[in-house]
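Reading through the C-alpha cells given below for one structure.
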Amino acid sequence: RDVRTFLVDEAELHTYDDLTKVNPLTPTIVLKCLQARYGARVFYTRAGCTLVALNPFQPVLDLYSLDVMHKYHAAAQPQDLKPHIFIVAEEAYRNVRGQVEPVNQSLVVSGESGAGKTWTSRCLMKYYATVAASRHGSRLPPRRIERRVLDSNPIMEAFGNARTVRNGNSSRFGKYIQLQLNSSQLLVGASVQTYLLEKTRVAFQAANERNFHIFYQMMKGATEKQRQEWGMQEDQTFAWLPNAEKTLEEDFFQETVEAMASLGIDVDKRAQIFRLLAGILQLGNVRFRPPACESKRCELGSLRKAAALLRVSPDELEERLSVQRLHAGRQGALLKPCSAGECAVRRDCLAKVIYAHLFEWLVTFINGSMCADDASWCTFIGLLDVYGFERFPLNSLEQLCINYANEKLQQHFVTLYLRAQQEEYVSEGMHWSIVRYRDNQDCLDLIEGSPSSIFSLLNEECRLNRASDAERLSKRLQTELSRSSSVSWDKFSTQPHFTVAHYAGDVTYHVHGMMEKNKDPVPPELLNLLQQSEVPLLQSLFAGSGTEGHGPRGPSKVTVVSKFKNSLESLMRILHSTTPHYTRCIKPNADCTPLSFKGEEVMSQLEACGLVETIHISAAGFSIRYRTRVLNHVSVLFFISSRHSPDRLALVVQDILSAVLMTSPAGLSSSSSNNNNNNNTTTTMVHCGKTKLFLTNPMLELRHFCSKMINLRELCKDSADVCILSAVRAWLARREVRKWHRAASVIQTRWRSWRTWMDTLAKEELDGAEEKCEEEFRPMPPLSHAPREGHPAQPPSVGAPVAVCAWPLGLALACTPHLTLTFTATGFQRLASATAALKIPSRQGEYKVETNQFERGVASIRAQPRGSVKLHARRSPLHYAHTYPGHHHDGVAGFNQILLEQT
C-alpha cells in the first residue's frame, strides 16, 4: 500500500510539467510521461535544468503566435506558465537584463537530425525580434533591423539546408547567431558564424536525398523570362537535382527573393547569384567519355551552356576540365590528359568551390547588413543551431565531422551539468551519492586526441607527398588506435572502414574517399579560369585566389579537418564564456509521421544524451547557489570569519529559514509535514557548503508565495535571493536592537553605581560639611594631637582648623596657611565664588560654565601648614574636565588638579 501511494498515478502522467517531480524517477516512467504528454498534444516538458521538445511533425500555429510571445514576456514569473521554448528565451533575456554586470547568454539547441532544431531556432529568433524591439509592451511591427534579422533565416536555410533520409529540412552547416543588445536590452544588430558547409552535396546526393533547397526553388518558382536567362527549359532535368518531383514546404522561391531584397541585395546582384547557380546545374549535366587513347582529350557534352552562364571561354573551360597541368620544376609545366573519372572529379571540384565561395559571400553580406557597430552594443544572446547526430548507410568525412561536433557539445553538457555539479557538491562538504553517467571523453580522445587519433593520422597521411591509399590509412588506424575501447573493426568486411562508439550509438565510417575530401584540392588552373569570368560577382569571389589550396612548395598543409577543429574550438570558447541554456529536441519517430510516438527510438535518444541522469541530479541537487562572500558583503554580522566554521553559518541560516518555512505554500508545507521536523525541511531545501549557500527549486516557489503575500510588484521581478536576504536583514536588525538594549542596561547600571559611589566619597571627604551654621563663630578649641573622628589628622605645629561656611573661596584660600576650609556654598553663590577664586574671565558669549560642573566637582579643599594649596577633584564627572573655555592666557587647564601658588 505504501509503495502504491508512493508511485505516481500513470493516468495523471500528462499533467507533470517537470520530470523531476515524477516518482519513481526511472527511464520507463520518464518515457511514459513524455508519451502521455505527446498524446495530449503537449510538446514541451521541463527536465530540471533543460527543456525537452518533442517534434509534432505538423504545424501548431497557435503555439507560437504573437499573443503567446507577449504572454510569456509580460509574465511576472514565466516559470509559473506551461513549459515552452519561450520560457528558455525569456530566462536568457532576463538574465542579461537582471545582472549587475551583464553576462552573455547562449541557447544551445541539440538533438538528432530531424528532431526540430531548425524550427526551434527559428522560433527563438522571432521571439527576440519581437520582444527586444518592443517598448513598454507595444505591439508595433518590428523595426528595420529586426526585419533583417528575421529575413536572414530564409536565405541561410535556402542555401544551407537540404532534404535527407532523416529530415526534410536538415541543416547542412552549423551556425551560431549572435543577437546584439544595447544597454537597454534592445536588439540593435546580429552576426552569423558558420561552420563546415557540406559542399559535397552540390555534386553528390545519396539515395532518397536532395540537393540544397535553392536549386529546387529556382526550378519551381522561376518565371519564363528567368528560365530563358538561365537556360533552364521547363521540361529539362538535371543530374544534380534528384527527387525534384517532391514539393516541400521550403520550396518557396519568392520568399527567398524578398528576403534577399530586404537585406539589401539589389536586382543586379540577385541576377548574378542565380546565374551562377544555373551554371552549376549545367555543369552537373556535363558527361565525359573515355578517350580513344591517353593523348586525346575527352569528349564533352553540354559544356557550352555552363560556360555561357559563367561567362568564361568554352574552350578554356574544356581544356581546364580535361587536361591536368603538372609542374616539373625548371622544365616548366607538363600537360596530361585526364581520364573520364579525373574529369568528373575536376568538374565536381569546380562546382563545389563556386558554391562554397558564394555561400561565404552571402554570409559576409548578411553580417554587413545587420551587424551593429561595436560601440552600440554591449551584450549578446547566442543561438546555436548545428547539424544533428547522423548515421547513414554510407558515412564519410562529413558525417565524422558532424558527429564530432555533436560529441563536443555533449561533452560541454556533461562537464557543465553532470560532472561539475556533482564535483561541486562533494567539494562543498555535502553528503552526495554520485549519479553515474556516460562520459564521452574517451570518444573525443579517439577522434581528436594526441599524439595519435583519427584526425592526426588522417592529416598526417594527407600531408605526405604520395597518392591517397584507403587501405594504408585503415591499417594505420587499426594499428595505432586498437587500444581504444571506442573504436572497432568488422573482420568480415572487405571495405576499409572503422566503427566509432559515439554517445548516440555506433557509426561505421568508410575510409574510401576520405583523404581526398580532407585535402580538398582545387587545381590552380580552375581558379585562374574563374578569375577571368565576365560575371563581376564571380570574379570578385576569386580575386587573389590563384594559389588557393597550394603553398610555395606544393599543396597546402591546411586540411578540412584542421580548419573545422579550429573553428569548433573557437565556438566552444564562446560557449564557455557565456551562460548556456540547453534545449533537447527529441524525434518521436524516424518516419517523421505526425503525432506518432515510438518508445524504443525515444528511449535511445534519452539514454544517449544523458537526460535521465540530468533529471536525477536536478531533482536531488540545488539549482540556486550563492557564494558566502556575497552574503558576507550584504551583512558582516554573519559570523563568516576564520574564527567560525561553516557549521556555524549553517545553524544561523537554518534558524533564519525556520521562521520563513512556517508560512510556506502548500507544496512546501506538505514536505514539512512529512518530515515532522522543520529543521529537516530546512536541511533538505538549503545546504551551507564551505564557500556557497545552495537552495533547491522549492525555495524559488517559496519566493513566489512570499511575493504574492506582500503584494509587491517589484519583489516579483527580483531574483530568488530577495526573500532570503530580507529575512536575514530582519533577523540581524532584531538581534542588533536586542544588543543595544543590553548595552543600555549595562551603562545605566554602571552609571547608577558610580553615582552612588561618588556621592559617598564626597560625603566622607567634606570637612565639617554637616556642622551647623551657628557653630561658625565659636572660639577656637585648644589644639589636640588626636584627630577628630571623620577628619584627617593635623600637624602639631598648626592650630586647630577653623570651619568657614559660605565664605568667598578667594578669602578662604587667602587664609590657607592657618585654616582648613569647609566649602558648602550652593547655587549662584557657589558658582560666583568658584569663578572668582579660579580667576576665570567673565566674557559674555565666549564661554559657558554650566552649574552642573560644580554640583559634584569639589570633593575637598585642604589648607596645608606650609607650601602650596591643592584643590583636588577626585574622579570628577565634569563634562569639561580637561578643556578650558577659550584660548586665553588666564584660562583654566583643567579641574582635576589646579595648583594655586601661595600669596
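In case you wondered, yes, glycine gets a Cβ from its N, Cα and C as well.
Whatever TrEMBL says is automated annotation, not expert-curated.
Feature region 'Actin-binding', per TrEMBL, maps to range 568-590 of the set 407-429, 430-452, 453-475, 568-590. Residue with the densest Cβ environment among the binding-site residues Ser113, Thr118: Thr118, by other Cβ atoms within 10 Å. Tertiary proximity for the region 'Actin-binding' (568-590) is limited to same-chain residues at least six positions away from its ends with a CB under 8 Å from its CB atoms, namely 34, 38, 47, 49-55, 57, 85, 88, 91-92, 95, 103-117, 120, 166, 174, 176, 193, 195, 382, 384, 388, 404-405, 408, 412-413, 416-417, 596-598, 601-602, 605-606, 609, 611.
Residue counts for the region 'Actin-binding' (568-590) under DSSP, helix first, then strand, then coil, are 9 helix, 8 strand, 6 coil. The Cβ neighbour count for Gly114 (ATP binding site), using a 10 Å radius over every protein chain in view, is 25. Taking Cβ-Cβ distances under 8 Å and a sequence separation of 6 or more, the neighbours of Glu112 (ATP binding site) in its chain are Arg166, Gly388, Phe389, Ala504, Cys585, Lys587, Gln605. Within 8 Å of the centroid defined by the CB atoms of Gly111, Glu112, Ser113, Gly114, Ala115, Gly116, Lys117, Thr118, the record's ATP site, lie the Cβ atoms of Asn55, Asn167, Ser170, Gly388, Cys585, Lys587, excluding the listed residues themselves. Counting only same-chain residues at least 6 apart in sequence, those with a Cβ under 8 Å from the Cβ of Ala115 (ATP binding site) are Ala53, Asn55, Gly388, Cys585, Ile586, Lys587, Gln605.
The Cβ neighbour count for Gly116 (ATP binding site), using a 10 Å radius over every protein chain in view, is 27.
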